[in-house]
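Let me begin by presenting the structure, written as structure tokens, before commenting on it.
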Ligand code: SAH
């Protein structure tokens, strides 16, 4: 194998970019080297660890010229934990990198030349997550809890996670301290022994309501009353204590059985003025502050006057649909998970919306069927998973020609690919607005507006 660098080479490189995993990328005669911990615009000495045919890995040994955005990562498990990738960069640096990453991907993958606006970031880029799912384990007789290490099932033990809520921290510490006393010995994936698997904490930002879910291996809790007392004492804002039983030998978090231990089975939150009920297992956006920013953008791009019918494809529990229903004549939502459609219907009712209709099924089948039934849309909103829109759905859009398409995306690469298809089919991308839903990580959401190009 003839690569420009070899294992154990020591060299000086200039780092140009970041990968999705947050590793720095330097090129040596066009050969990419991935350097954990390196930042764009840094000159550094590195030690080559491994070379493959098309790329290699190196370790940062000395930073000669640091990035102006380099900072000490505030979290003590940052280098082990798989949760965050960018804590060693200032927030301003993170936002600048995300903006240029989106712009590059649009040009490289989609040949899309629409303006990419500066990323809408958060005023406070810490403690933004409203849901924590904390695995527990027993290591040498000690209770450990925290988050999984990158690409592994080993826990990076910690008593605090600074992108999650204070409530989650306090509950994590209390349960960790008292787990053995309360007969909540952590479950071990290898020995298959033990009881407590995950502690899940959810909070309604707007209402302050907190839900605690103990995911256990067995249904019987011998110290149930003591567990409830501890949780309520540590966190007086808890309004719901639930137990989920997962008897399987799997690393999927939840099992099929959910029981109320104390209080209500749901907590409530609001995004803008729209109310949502959240149950132990229901899907809900994890950064409600930025969700509102993103959905306001989608609403703005939809330019609704009150006469329009809007289709919301990949609608989940109807978050965007209900946001749009405030301004549209009618909103039709479609989503593949039947349970989410049930949640969407319930949330529509909770808010008193009578202009929404939800149907479970694949968007690429349900929307063509709607068109055949005469259910047509003036505006179409899509918010697909990472793999982007199904091609059959894009074909339907191009045939049916709704006036505006608002594309909400969590993956710039598939967004760029799909924008190219829609542009070739007669649309023009007017603008792309990235929104930072996940500070300290490499993720970025985008909202794009497309209009018919006459
Ligand atoms: N718009 C929602 C959810 C977006 S996440 C919100 O903002 O909360 C993407 C959603 O697409 C998921 O709920 C997933 O279940 C759904 N999904 C995946 N493939 C689908 C398909 N082929 N048709 C319809 N929905 C699909």
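Glycine is treated like the rest: Cβ placed from N, Cα and C.
For 4-62, the entry in TrEMBL reads domain 'TRAM'.
According to TrEMBL, the feature S-adenosyl-L-methionine binding site maps to 285, 314, 335, 383. Secondary structure at residue 285 (S-adenosyl-L-methionine binding site), as computed by DSSP, is coil.
A coil conformation is recorded for residue 410 (active site, nucleophile) in the three-state DSSP classification, outside any helix or strand. The annotation active site, nucleophile is assigned in TrEMBL to 410.
Marked as active site by TrEMBL: 410. Summarising the environment of residue 410 (active site, nucleophile), the number of other Cβ atoms within 10 Å of its Cβ, over all protein chains shown, is 17.
The recorded positions near ligand 1, defined by a Cβ under 6 Å from one of its atoms, are 314, 335, chosen from 314, 335, 410. Counting other C-beta atoms within 10 Å of each candidate's C-beta, the binding-site residues 335, 383 are led by 335. In this structure, the C-alpha atom of residue 410 (active site, nucleophile) lies 12 angstrom from that of residue 314 (S-adenosyl-L-methionine binding site). Counted with DSSP, the domain 'TRAM' (4-62) comes out as 0 helix, 37 strand, 22 coil. The number of other Cβ atoms within 10 Å of the Cβ belonging to residue 285 (S-adenosyl-L-methionine binding site), over all protein chains shown, comes to 22. For residue 314 (S-adenosyl-L-methionine binding site), the Cβ neighbour count at a 10 Å cut-off comes to 21, with all displayed protein chains included. The average pLDDT computed over the domain 'TRAM' (4-62) stands at 96.
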